[in-house]
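So that you can see what the record holds, here are the features copied from TrEMBL:
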DOMAIN    14-96  domain 'Shikimate dehydrogenase substrate binding N-terminal'
BINDING   22, 23, 24, 69, 94, 109, 233, 261  shikimate binding site
ACT_SITE  73  active site, proton acceptor
DOMAIN    126-173  domain 'Quinate/shikimate 5-dehydrogenase/glutamyl-tRNA reductase'
BINDING   134, 135, 136, 137, 138, 231, 254  NADP(+) binding site
DOMAIN    254-280  domain 'SDH C-terminal'
């Protein structure tokens, strides 16, 4: 339901480049309307050379806060007054809260993923073996939060073994959980896949328009009782997930992570409980367009 903007409206939004593809404005504005809050969420296309001025504008314009997306998640960090410890570990910020003129950076991506495991997959990572495919920003956010959530073992498989090894070393030092780097594709040890309670695919392979592609992976050793996640949400079921499901594994796409990172950001800004179902409906409507 549309709510008229007036002099008392609180404004938050999204800093990124580009931003026209984002599902966040519709999701958050639906949530504000559901809660009867006089708030509005606006996407701001911020070029890299304008980032510092845009961040200053949060305080100057008294914005409640913003989400931050590519390419600014790392670059924004030195521009803030304070960084939450988890965001510091991840090395990226996706949510900024304007706390009385002090800008505090958070990262809700990893927490959103773990929350989606609990809410959508009925899965707790504590004491489990986890395998992550990829070693980019999404893999790092997921790996840090899984480690902090008490996984028993953590392994990272990437095309560049050196990149996986570097990330594994950083995760181990930051969290105390011994992370291990593994090779990619045919060289990925099948026994490590078979003993993984959780497999998380974090690369863009299989995302529309390349929805017929999927990472090389030993699907034949998957079995019932394992949970396989793909952070891609368009298409809603990638070839990777379809092949995993054929082996009896439970599967989960990336819509839950997108939803719960937004839920956590909403609650950081408003200090109110987010209307999760309304936000979920908004996301599903947009994905299906």
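Yeah, the Cβs are placed from backbone N, Cα and C, and that goes for glycine too.
Here the features listed in TrEMBL are placed on the structure.
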| residue | record | Cβ neighbours (10 Å) |
| --- | --- | --- |
| 24 | shikimate binding site | 24 |
| 69 | shikimate binding site | 19 |
| 73 | active site, proton acceptor | 23 |
| 94 | shikimate binding site | 28 |
| 109 | shikimate binding site | 28 |
| 138 | NADP(+) binding site | 22 |
| 231 | NADP(+) binding site | 27 |
| 233 | shikimate binding site | 22 |
| 254 | NADP(+) binding site | 23 |
| 261 | shikimate binding site | 24 |
Open item on the list: Let me make sure I understand the span of the NADP(+) site: among 134, 135, 136, 137, 138, 231, 254, what is the greatest distance between any two Cα atoms, in Å?
Closed with: 17
Task: Secondary-structure category, per DSSP, in which residue 261 (shikimate binding site) falls - done: helix
Task: Minimum Cα separation from residue 23 (shikimate binding site), reported as the residue among recorded positions 73, 231, 254 that achieves it - done: 254
Task: Integer Cα-Cα distance in angstrom, residue 109 (shikimate binding site) to residue 138 (NADP(+) binding site) - done: 8
TODO: Express the distance between the Cα positions of residue 69 (shikimate binding site) and residue 137 (NADP(+) binding site) as a whole number of Å.
DONE: 11
Task: Averaged pLDDT, computed only over the residues in the domain 'Quinate/shikimate 5-dehydrogenase/glutamyl-tRNA reductase' (126-173) - done: 98
Task: Using Cα positions only, nearest of the recorded positions to residue 135 (NADP(+) binding site) (22, 24, 73, 94, 261) - done: 73
Task: Structural state census, the domain 'Shikimate dehydrogenase substrate binding N-terminal' (14-96) (DSSP three-state) - done: 34 helix, 18 strand, 31 coil
Task: Under 8 Å by Cβ from residue 136 (NADP(+) binding site), counting only residues of that chain that are 6 or more apart - done: 202, 203
Task: Site of maximum Cβ density within 10 Å, from binding-site residues 134, 137 - done: 134
Open item on the list: Suppose we draw a 10 Å sphere around the Cβ of residue 23 (shikimate binding site). How many other Cβ atoms does it contain, all chains included?
Closed with: 21
TODO: Among the binding-site residues listed here (22, 135), identify the one with the smallest other-Cβ count within 10 Å.
DONE: 22
